[in-house]
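Trainee: Here it is, the structure in full.
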Ligand code: 5IU
């Protein structure tokens, strides 16, 4: 369980993007990632614009958005508007793409296609199932991103999260061999793998390891949905299990008072962190 503060980890995390995220978390006093699974691009921008002060990160699924021929926004216009919001309000963008193919294929899926994910998503994630080539394929694309002349190094710094666990019922991440091999893969790629999607802390802090762990499946008003999602509370994942970031979707954008509810998740996530580092 990390007793270290986000602020001190922001000085020492091995990745540029990890240091940047930890410094945003620390200065905005929020470990809340908004997961936005709505299908209208303009609605996404509206909701993100409203909730921006409460969050450190927005998690997208770019491929669920609909861009009909008469859409007011094209895909690049949408991603550029989202990037402007991120800069203005100091949060990062995490595309929850869960890459799962061979290195050569994922390099095209990440850098090209219609979404050009690497251009605008600071963080993405991948399954370790196909083996280490998946990390190398993604990193090759991240390393080749051009630095913009006025840009800061963190503007084009990119990071990867490996899936160590999932929140859904009956998932097949229950093999300790699979999980420890995923950790080993991350250890061999520390300059690009910044952390994990997991239900709690991963790795060995005594050995000086610092992985950023993000946990989906967080909700304070429900224990699950009809399709296998399983929810935990912010206190459980941050304080009891030692995760760093709570990922919340329907718990926030499905509520009547989105801003008030986002503030409640922010406060509870933050207090759970404060209680953990005090303990
Ligand atoms: N998500 C999970 N569980 C996981 C992983 C990703 O729920 O193990 I990896 C995604 C799916 C959805 C969001 O985009 O996180 C959770 O949304 P709700 O808070 O609305 O359940």
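Cβ atoms here come from the backbone N, Cα and C positions, even for glycine.
Residues or ranges marked as domain 'Orotidine 5'-phosphate decarboxylase' by TrEMBL: 31-265. Residues or ranges marked as substrate binding site in TrEMBL: 37, 59, 167, 229, 249, 250. For 96, 98, 101, the entry in TrEMBL reads active site, for OMPdecase activity.
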Trainee: To the nearest whole angstrom, state the Cα distance for the pair residue 59 (substrate binding site) and residue 96 (active site, for OMPdecase activity).
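Mentor: Per the Cα atoms, residue 59 (substrate binding site) and residue 96 (active site, for OMPdecase activity) stand 6 Å apart.
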Trainee: Return the single residue from the binding-site residues list (167, 229) that has the minimum number of other CB atoms within 10 Å.
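Mentor: Checked 167, 229; of these binding-site residues, fewest Cβ neighbours within 10 Å: 229.
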Trainee: Averaged across the domain 'Orotidine 5'-phosphate decarboxylase' (31-265), what pLDDT does the model get? Just tell me the whole number, please.
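Mentor: Residues in the domain 'Orotidine 5'-phosphate decarboxylase' (31-265) carry a mean pLDDT of 96 in this prediction.
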Trainee: Could you tell me the C-alpha distance between residue 101 (active site, for OMPdecase activity) and residue 37 (substrate binding site) in angstrom, no decimals?
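Mentor: Between the Cα atoms of residue 101 (active site, for OMPdecase activity) and residue 37 (substrate binding site), the distance comes to 23 Å.
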Trainee: Calculate the distance in Å between the alpha carbons (Cα) of residue 37 (substrate binding site) and residue 96 (active site, for OMPdecase activity), and round it to a whole number.
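Mentor: With the alpha carbons as reference points, the distance is 10 Å.
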Trainee: How many other Cβ atoms are found within 10 Å of the Cβ atom of residue 37 (substrate binding site), counting all protein chains shown?
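Mentor: Result for residue 37 (substrate binding site): 15 other Cβ atoms within 10 Å.
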Trainee: The record names 37, 59, 167, 229, 249, 250 as the residues that bind substrate; what is their largest Cα to Cα distance in Å?
Mentor: 17
